[in-house]
Amino acid sequence: MFPKINTIDPYISLRLFEVKPKYVGYSSVDARNQSFAIHDIKNYEKFSNAGLFYTSPTEITCYCCGMKFCNWLYEKHPLQVHGFWSRNCGFMRATLGIIGLKKMIDSYNDYYNNEVFVKHKNRVYTHKKLEDMGFSKPFMQFILANAFIPPYRKYIHKIILNDRYFTFKFAAHLLSFHKVNLDNQTTYCMTCGIEPIKKDENFCNACKTLNYKHYKTLNFSVKL
């Protein structure tokens with residue numbers, strides 16, 4: 001289960017709580033249960049207890065902070081995922097408290113760093129795919145070692161514009177958008193992938209005008 005990029009509130013960390021729920025009609029567990037039940041969804045209690053209600057077959061939403069999640073149907077830990085991506089959600093803080101929420105986020109970090117990372121790292125075809133794209137082995141090793149670990153995960157999520165799934169497709173997109181060659185320490189334009197740029201830049205001069213709307217939101221570079 002992963003958040004939809006356009007529903008991540010960049011300013012939510014500046015607020016202590018979402019004072020008023022965005023979807024008041026789903027404030028009760030019964031209302032959230034009903035949203036799943038009428039669509040014949042099984043084992044939905046874990047989602048409604050996590051403050052989430054059914055929106056569509058590909059999407060569920062938090063009634064309080066309004067964050068939407070996709071690829072959710074087989075998620076085993078919806079409460080942890082919700083807390084991880086929306087840690088200032090009023091529902092999450094009221095349910096777990098600040099200390100409890102921090103402990104849960106730490107444990108979920110461990111889960112991703114161990115189970116999820118190891119599972120994807122063992123996929124040999126991914127190494128081959130990245131190698132076919134023309135990237136050096138040192139850079140592939142760097143990406144495969146850090147793609148699922150903060151702080152690099154937040155960079156990856158900002159880059160992805162089309163694919164929402166948290167798999168090695170993220171690493172592949174990261175490589176294609178922001179090509180960094182560790183052999184000569186050269187960084188290339190995120191748009192054309194051809195023109196070399198400064199370490200603190202993302203686009204070459206020719207592509208900056210094409211990316212004006214996104215330039216500020218994508219104003220970051222992977223720290224090696």
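Cβ from N, Cα, C; glycine included.
Sorting each residue of the repeat 'BIR' (29-92) by its DSSP state yields 24 helix, 12 strand, 28 coil. Taken from Swiss-Prot, the feature repeat 'BIR' covers 29-92, and the record attributes it to similarity to another entry.
Positions annotated as Zn(2+) binding site by Swiss-Prot: C62, C65, H82, C89. When Cβ atoms from all protein chains are considered, those within 10 Å of H82 (Zn(2+) binding site) total 28, not counting its own.
Taken from Swiss-Prot, the feature zinc finger covers 189-207, and the record attributes it to sequence analysis. Mean pLDDT, taken over the zinc finger (189-207), works out to 64 on the 0 to 100 scale.
Summarising the environment of C62 (Zn(2+) binding site), the number of other Cβ atoms within 10 Å of its Cβ, over all protein chains shown, is 28.
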